[in-house]
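Taken from Swiss-Prot, the feature NADP(+) binding site covers Gly165, Ala166, Ser167, Ser190, and the record attributes it to sequence analysis.
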Amino acid sequence: MTAQLIDGNALAKQLRAEAAQRAAALTARGHQPGLAVILVGEDPASQVYVRNKIKACEDNGFLSSFDRYPADLSEADLLGRIDALNRDPRIHGILVQLPLPKHIDSHKVLEAIAPEKDVDGFHVANAGALMTGAPLFRPCTPYGCMKMLESINYPVRGANAVVVGASNIVGKPMAMLLLQSGATITICNSKTRDLAAHTREADIIVAAVGRRNIITADMVKPGAVVIDVGMNRDDAGKLCGDVDFAGVKEVAGYITPVPGGVGPMTITMLLINTLEAAERAAEGAALAA
């Protein structure tokens, strides 16, 4: 068996085309979707991610605002800029690129973003609402993973799903979205004893721990769906995920590649979250008129 690829680039292209149409319709009504991105410091990976997000906005008819600050920016100044963006009616989504410099409290910064503009879904109000099944925004990477499962018409309800990784950004919300779709969830991490005992029982594996080759072929049930969220570098400096792709693709039923899998979907769902924020703002403006 050779796994079928879940092509994140192709799915992202389709979803972005749909988002661009909706954005054009909103813009025609005077409500162009707007995303503000803030980058503090010179982290090379963050610079790449931010460039990709800004380009995605520009390519799909979104207004984009990019604030780039030196690493010694004060926390107070950053909070002041977020406050200004919260009050700017042209901006519907605010994204602060992580990680932040150590002297800045990232929790405080994320909580400063207005929940209705928290398109990353990290604010405690949105994280809490996710628990109840009614979030304003789903975190972009888990949301993209769910769209990938949807694209192959996978029957999530009743499936055994193992999420490897328990971060607030991916692992925890991923587990919650799968649970709400009717899956039976096991959450593991890099220190889980006998990880393979859990993954071998899984119909769906989501690898999001940030460790190269943590999932190998002998750990995967034949026919399973394997979604690789990891972003690592191999010995040659080439981008790779958390999954041993060459081995696992001979066992799994479906697999996402790295690159070209989850990555493009994360940015796509950021656009969709921003679009939905703009649509809500437009509805609110119409009701107030």
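Cβ atoms are placed via backbone N, Cα and C, with glycine included.
Around Ala166 (NADP(+) binding site), a 10 Å sphere centred on its CB holds 17 further CB atoms from the protein chains shown.
If you take the C-beta of Gly165 (NADP(+) binding site) and look for same-chain residues 6 or more apart in sequence within under 8 angstroms, you find Gly171, Met174, Cys188, Asn189, Ser190, Val206, Ala207, Ala208, Val209, Gly210, Val229. Within the group of binding-site residues (Ser167, Ser190), the Cβ with the highest number of other Cβ atoms inside 10 Å belongs to Ser167. Across the annotated binding residues for NADP(+) (Gly165, Ala166, Ser167, Ser190), the two most widely spaced Cα atoms sit 11 Å apart. Within 8 A of the CB centroid of the NADP(+) site residues Gly165, Ala166, Ser167, Ser190, the other residues of that chain are Val164, Val170, Gly171, Cys188, Asn189, Ala208, Val209, Gly210.
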